[in-house]
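Enquirer: Following this message is one structure expressed as C-alpha cells.
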Ligand SMILES: C[S@@+](CC[C@H](N)C(=O)[O-])C[C@H]1O[C@@H](n2cnc3c(N)ncnc32)[C@H](O)[C@@H]1O
C-alpha cells in the first residue's frame, strides 16, 4: 500500500515537472517567434502565410532540388530494375532472338506475368537498357548498344556478374546499413559469433558464393578500368611480377600480354587458387599460381608487386603490415603498383567513390583513401618515388619504388 502511494506521488511529481517544463518551452518559443515577426517587419501574420511566402520565393530552385531528391529516392529502384532484368535473363533472350520481341513473348520465355513484364521492360526502355520497335503494329523490345555490350553473358565486356553480385550480396546487406553505422562494424561482424572474422570468411562461406565473388571480380576488372591503370606505366623493367590477391588471374593475363618478357605469379588464398585453376585459367605458361595467406604465410620475392583492390579491403594497421612485408620481399630496384580508387583531398568527392566507400565499410574493415593517405602508408612502409595515374575509370594506379 505504502509503495503504491509512493509510486503515485512520484508519478504526480513527474507529471508536474513535465507540465512546468512544457509551459516554459511554449512561452520561450512564443517569445522567439514574436521576436522574429518583429525582425521581419511584422509581415508574418500567420504560419501559413509564412509557408506561402517561402514557396513563392523558392519555387524555381525547388523543382531542381526536388528532382535531385526524386532521383536519389528512386536510385535503388533503378538498380533493382537493372539487377532483375539481368537475373531474369531478359537481355540474353533479346540478344538471342533474331527479331525484337513483344512483352508477351518475353513473359512466356521467363514464365512471368505479361503486365508486370511489360512494366519492367518499359522501365528498362526509360533507363536506356532497351529500345522499343514497332513490328506489324505490335510494340516490340530490343537491346540497346549498352545492354548488348555490357549486360549479355557472352560479350567480352560483360558486367552481368557484377550485377548478380550486387543484387545477391550488396543490396541485401544495405538493409543493415543503419546498424553497421551505429555499431561501427561491418556486416560480417554484426553478430557476436562472427567477432574477429574478416569479410572474406563471410564472403567465401560456400562454393557457390566463392564462384560468384570471383566472377564478379573478373568482370569488375573491366568495370573499374583496372587494366588501364596497368597500361599507364611502363612496367617492362620488372621481370618477375607478383599479383597479390590476384584472384582469377585476369589482371595477370593482361600483364602477360603487355609484358611478354615477364613471368607473373598470382598469389591468393588456397580456396581461391583452387577455383581459379579449375574455372578461370587459360593455360598461359608465363602465369603461375601460389596459395597462401599474405598476412601469415611467406610471399614470393618479386621485382614488382601488384595490389589491385587489396588495400581498400583493410584498415591502416593491416595495410601497413602487408606493405612492410611486400617491401621486404621486393627485390632491390623493384616496386609496388597499387590499383585502387582515390578520394579527393577534401574528401568531398568523387561521389561514386564515396558510395563505394560506404559499400566497403558495410562489407569489410577497409576504406577508400586520399592520395595523401596512400603516400603516408607507402612512405611508412619504406617506399619512395610515388607516382599517381588517373587513367582508370574509377580507379587509379599508384607506382612506388623500393
Ligand atoms: C577485392 S579482391 C581483389 C581481386 C583482384 N586483385 C582484383 O583486383 O580483381 C581481394 C582479393 O584478395 C584476396 N585475399 C583476401 N585476403 C587474403 C589473404 N589473407 N591472403 C591472400 N589473399 C587474400 C581475396 O581472396 C581476393 O581475391
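Positions of Cβ are set from backbone N, Cα and C atoms, glycine also.
Because TrEMBL annotations are produced automatically, they should be read as predictions rather than curated entries.
Sharing the features that TrEMBL gives for it:
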{"type": "ACT_SITE", "residues": "312", "note": "active site, proton acceptor"}
{"type": "DOMAIN", "residues": "71-152", "note": "domain 'O-methyltransferase dimerisation'"}
{"type": "DOMAIN", "residues": "176-384", "note": "domain 'O-methyltransferase C-terminal'"}
{"type": "SIGNAL", "residues": "1-31", "note": "signal peptide"}
Enquirer: Kindly report the helix/strand/coil residue split of the domain 'O-methyltransferase dimerisation' (71-152) according to DSSP, in that order.
Expert: 50 helix, 13 strand, 19 coil
Enquirer: Relative to the Cβ position of residue 312 (active site, proton acceptor), how many further Cβ atoms are located within 10 Å?
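Expert: Excluding its own Cβ, residue 312 (active site, proton acceptor) sees 23 Cβ atoms within 10 Å.
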Enquirer: Tell me whether the residue listed as 'active site, proton acceptor' sits in a helix, a strand or coil according to DSSP.
Expert: helix
